[in-house]
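Sharing a structure here in structure tokens format.
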Amino acid sequence: MACWWAGWLLLLVEAWGAHLAQGTLEPWAQVAPWLGNTSMFQARSLQRHLPQGIIIGVRKGGTRALLEMLALHPQVAAARAEVHFFNREENYRRGLGWYRQQMPLSRPGQLTMEKTPGYFSSLRAPERIRAMDPAMRLLLIVRDPVERLVSDYTQILYNRQAQCKPYPPLERLLLRGDRSLNTRYKAIQRSLYALHLARWLAAFPLAHIHVVDGGGLIREPLPELRRVEQFLGLAPSLGPDNFYFNQTKGFYCLRAGAHQHCLDESKGRPHPPITEQLLEQLCTYFSAHNEHFFSLVGRTFNWC
């Protein structure tokens, strides 16, 4: 019975996510002070536009936190669900008209944004986005690749458990029979940032890609968001009053006037334990890949 209920709840969440993809504002954002009244004049000025900015990844790097923080900005209209237009053939075949319909209604002067972290590791997404708009502004939020890997595994584990499906322990997926790393494991592949970034740099100049420090965004959001505002050409608007630290959750939550909002329960889940030996193996493996990434973006990060 518990598994049946969990599976039904998961379907309900997915259906609600599809509803949000139509541009519906989350309840806490509907009453944000900058939205003003809903006069007929304002309603007639609202339109759907193709995005001028896209958060392309990385998966489990903090893309949802970044989008929801940017949605506080009065000049940003954010799609509320991942569209997967450029990385899924069944969606891409529907054309740009369909893609536009997945975007939120926006006022004149607002910047439309969407986020789909699956774009970063997609083979075709860079060229497809460039074909739509070679001036596209791209946001890439990254975190320690080992932390990202474990978070990736944790999300899949919880999803499988909710559906009453088995899933192997992390160590079994990471190690081969001879105790060497299974570098073909998808969660490892997704953490090879330099490998994927090279495809994007073949389609866009680095000036069109802004790298956000996911760890910094969680620890102290405002400095990272100030840099994002500048990159997107937005007037400085976000300030300390938009954030407050939730002691129970252990991270910053959002504030719009008198209304408060925290990321959903899937954020901040406890990660499975990992042995010191395995952690050292992973850090050693990613070290050269990380250095390559640092050289590509001209910035270093304090990763393991």
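Using the three backbone atoms N, Cα and C, a Cβ is placed for every residue, glycine included.
TrEMBL: automatically predicted annotations, no manual curation.
Just so it is clear, the model here is predicted, and its values are computed rather than measured.
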Just confirming the record: what cysteine out of Cys262, Cys283 does TrEMBL connect to Cys253 via a disulfide?
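Candidates were Cys262, Cys283; TrEMBL matches Cys253 with Cys262.
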Fill in the CA-CA distance, Lys60 (active site, for sulfotransferase activity) to Ser151 (3'-phosphoadenylyl sulfate binding site), as an integer in Å.
6
Roughly how many Å separate the Cα of His271 (3'-phosphoadenylyl sulfate binding site) from that of Cys262 (disulfide bond), to the nearest whole number?
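Pair distance, Cα basis, whole Å: 20 Å.
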Over all shown protein chains, what is the count of other CB atoms within 10 A of the CB belonging to Lys60 (active site, for sulfotransferase activity)?
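Lys60 (active site, for sulfotransferase activity): 22 neighbouring Cβ atoms within 10 Å.
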Let's check the environment of Gly62 (3'-phosphoadenylyl sulfate binding site): how many other CB atoms sit within 10 Å of its CB?
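Looking across every protein chain shown, the total is 26.
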Once near-sequence residues are set aside, which residues in the chain of Arg269 (3'-phosphoadenylyl sulfate binding site), 6 or more away, have Cβ atoms under 8 Å from its Cβ?
Thr154, Gln155, Tyr158
Cα of Cys253 (disulfide bond) to Cα of Ser151 (3'-phosphoadenylyl sulfate binding site): how many Å, rounded?
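That comes out at 20 Å between the alpha carbons.
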Suppose we draw a 10 Å sphere around the Cβ of Cys253 (disulfide bond). How many other Cβ atoms does it contain, all chains included?
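So the number of other Cβ atoms within 10 Å of Cys253 (disulfide bond) is 16.
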